[in-house]
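Asks: Before I ask anything, here is the structure I am working with.
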Amino acid sequence: MRADAPATDGLDEAARARILAKAALFAPPSNELADGRRDLVGLSREELAAAMAEIGEQPFRAKQLWHWIYHQGVTDFAAMANIAKPLRAKLAERFAIGRPEVAADHLSADETRKMLFRFRDHEAVETVYIPDVTEDRGAVCLSSQVGCTLSCRFCHTGTQRLTRNLSAAEIVGQFMAMRDAYGEWPSPKGETPRLLSTIVLMGMGEPLYNYENVAKAMKIVMDGEGIGLSRRRITLSTSGVVPMMDRAGAELGVNLAVSLHAVTDDVRDVIVPLNRKYNIAELIAACRRYPGASNARRITFEYVMLKGINDSEADARRLVELIDGIPAKVNLIPFNPWPGSTYETSSGNAIRRFANIVMDAGYAAPVRTPRGQDILAACGQLKSKVAGAA
């Protein structure tokens, strides 16, 4: 694939088709419960209307249910006050409003909170809430897959083999369960402050390798009559699944974060093996094409600082050359160690020198403060299975 291949190139279309076909091999289980009821969480508006039609109800019932499920956050049909009791009973017989099970709940000394969510097939993922230390708001870091195929050398999740993709219900369910934990229902209106104010798709898995379910979940989250989180409050992070980046930009228009982490193919091939399929030139070209990128909506380049690997002044200068002309900022992430990791965090001096070179070129280069390290909730530390676990 050429570095300057246009988004409509037949090669990109073929690559997208292959990615979606592979995703189907790791499809999540159906939304049918063991007792035969269907989970309504994760259904689109159209699917919800179809479910109502199947039981002989009018389309407006779907609108009512949408409000109760995604705006009010109820999990019991009995709480739906504007629906007649006989219909509530009928709905309860046929359907459920699910949440993942909270299998573990850890609170860091810095108030970062990590939950292990277990699903009906007993698979599990970790989800993290990162509160803003200066304001009553914070980000929810969502997972998109159980495990990961990318095997990034510095990432704990990469040591957990991919089991399956998450469904739209399981992705949006993580956010809804976090809202349950913080009592943030009904959905705040307009500019009303939210504790859970942003979503970052930076948890376990590669979102663009589970694009259909991620996109469906984010469309539910962005619906103004439900959870109502605007697209500018959502950031999708990718390690560089180039063929899907154009589609995500066109269909979702959310903020883009790119896990770059190296400025030469020789280094990135080792620490981000996906680079062997989509190299740095192709990745940067896709960033230049990304719809809506502007000074107001900058692409974030994520760069984990690894001692002696990617943290030299020459690396910083090469980074500036690579992203020249792209509306961007660079998040510098001190490496967060995890059990069995072989890398070391760059020194404070090395990080400062690197940041200064990037900033002198006109790019913001904040150094991310590690959050939740004491509960293995920091960037690159998530993993839902431990060695020897069933």
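Here the Cβ of each residue, glycine as well, is placed from N, Cα and C on the backbone.
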Asks: According to Swiss-Prot, Gly205, Glu206, Ser259, Leu260, His261, Asn336 bind S-adenosyl-L-methionine; so which of Ser187, Ser230, Ser237, Ser312 is the extra one listed there?
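Replies: Only hit among Ser187, Ser230, Ser237, Ser312 in Swiss-Prot's S-adenosyl-L-methionine site, alongside Gly205, Glu206, Ser259, Leu260, His261, Asn336: Ser237.
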Asks: To what whole number does the mean pLDDT across the domain 'Radical SAM core' (134-374) round?
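Replies: In the predicted model, the domain 'Radical SAM core' (134-374) has a mean pLDDT of 93.
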Asks: Nearest of the binding-site residues to Gly205 (S-adenosyl-L-methionine binding site) by CA-CA distance, picking from Cys148, Cys152, Cys155?
Replies: Cys148
Asks: Relative to the Cα of Cys155 ([4Fe-4S] cluster binding site), which of the recorded positions Glu126, Asn336, Cys379 have a Cα no more than 10 Å away?
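Replies: Within 10 Å Cα-Cα: Asn336, Cys379.
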Asks: Using C-alpha atoms only, work out the spacing between Cys141 (disulfide bond) and Glu126 (active site, proton acceptor) and round it to an integer in Å.
Replies: 9
